[in-house]
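Remarks on the structure that follows.
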Amino acid sequence: MDSKYQCVKLNDGHFMPVLGFGTYAPAEVPKSKALEAVKLAIEAGFHHIDSAHVYNNEEQVGLAIRSKIADGSVKREDIFYTSKLWSNSHRPELVRPALERSLKNLQLDYVDLYLIHFPVSVKPGEEVIPKDENGKILFDTVDLCATWEAMEKCKDAGLAKSIGVSNFNHRLLEMILNKPGLKYKPVCNQVECHPYFNQRKLLDFCKSKDIVLVAYSALGSHREEPWVDPNSPVLLEDPVLCALAKKHKRTPALIALRYQLQRGVVVLAKSYNEQRIRQNVQVFEFQLTSEEMKAIDGLNRNVRYLTLDIFAGPPNYPFSDEY
């Protein structure tokens, strides 16, 4: 197993590569870019590819994975692919059809990991963010424990090897963990996590429950309005990260990625730039000292780039709690 293929064992016995490739891109980026980027990522040594129904790129991502299998670069079992259930399909009877739709778009037989993407439910239908005539989001009321039972059935059916959640706080995780008749625990919780928002409390909670924390926006975030405040600080320009990058002869992005691996976090690196995709797999080639780790810990300032506050209001909105 090459060094680029380090894995963590999940609570269901499956293995997840600790470095993943994120595929989300703002709407104006042509979908063809996802196809090229995923091919480049697999060529560079990424084995873990993260997407979602709502990213609207699973056809391209699936094509990229299948083309790298077809040309002999990788086998299907060497790719760890994650998809996610969007909020318009939380009703239990809609969960499996949503996964089957992703599989059809991907033209794959199974996903390695299927996540509840976001805990707030919206009305079912084709619209991913359904709104009324006044522009108000049409929320739905769904018991996420029932959604979870439908996720468990997807695992039993072999459509997803592992199941987990994303954007859950510790209260919502407890709700699933304490569910009567729980068959499978979530293997992971994928959340925003980076040196400016290091999620220490949530990380400790997840570790105590044998749930892996997976970091998105690990390099800060895209600056896409209206999702991200354009005035928020740019993580990769941080003087501490830049000084460490200079010292290690690496990039600030690599320092931010390495930081997560050393604290036991699985990290997603999103880039559509060929040079940076190749650079990001160098995360296994160096180590940070405990002093350097402490210095990065000290950067935490609870800056959440992606507040998703258009979904605030319903009790399952996850970001009002401390963690």
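Note that Cβ sites are derived from N, Cα and C of the backbone, with glycine treated the same way.
For the substrate site, Swiss-Prot records H117, H222, W227, and the single candidate of Y24, Y184, Y317 listed with them is Y24. In sequence order, L40, A44 constitute the residues six or more apart from R278 (NADP(+) binding site) in its chain with CB-CB distances below 8 Å. Ranked by how many other Cβ atoms sit within 10 Å of their Cβ, the recorded positions Y24, Y55, W227 place W227 at the bottom. Under DSSP, L219 (NADP(+) binding site) is assigned to coil, being neither helix nor strand in the three-state scheme. Sequence-distant neighbours of H117 (substrate binding site) (same chain, 6+ apart, CB under 8 A from its CB) are A52, H53, V54, K84, L85, W86, S87, S166, N167. The distance from the Cα of Y55 (active site, proton donor) to the Cα of Y24 (NADP(+) binding site) comes to 6 Å. Each residue contributes its Cα atom, and for E274 (NADP(+) binding site) and H222 (substrate binding site) these two points are 17 Å apart. Reported as a whole number, the C-alpha separation between Q190 (NADP(+) binding site) and W227 (substrate binding site) equals 18 Å.
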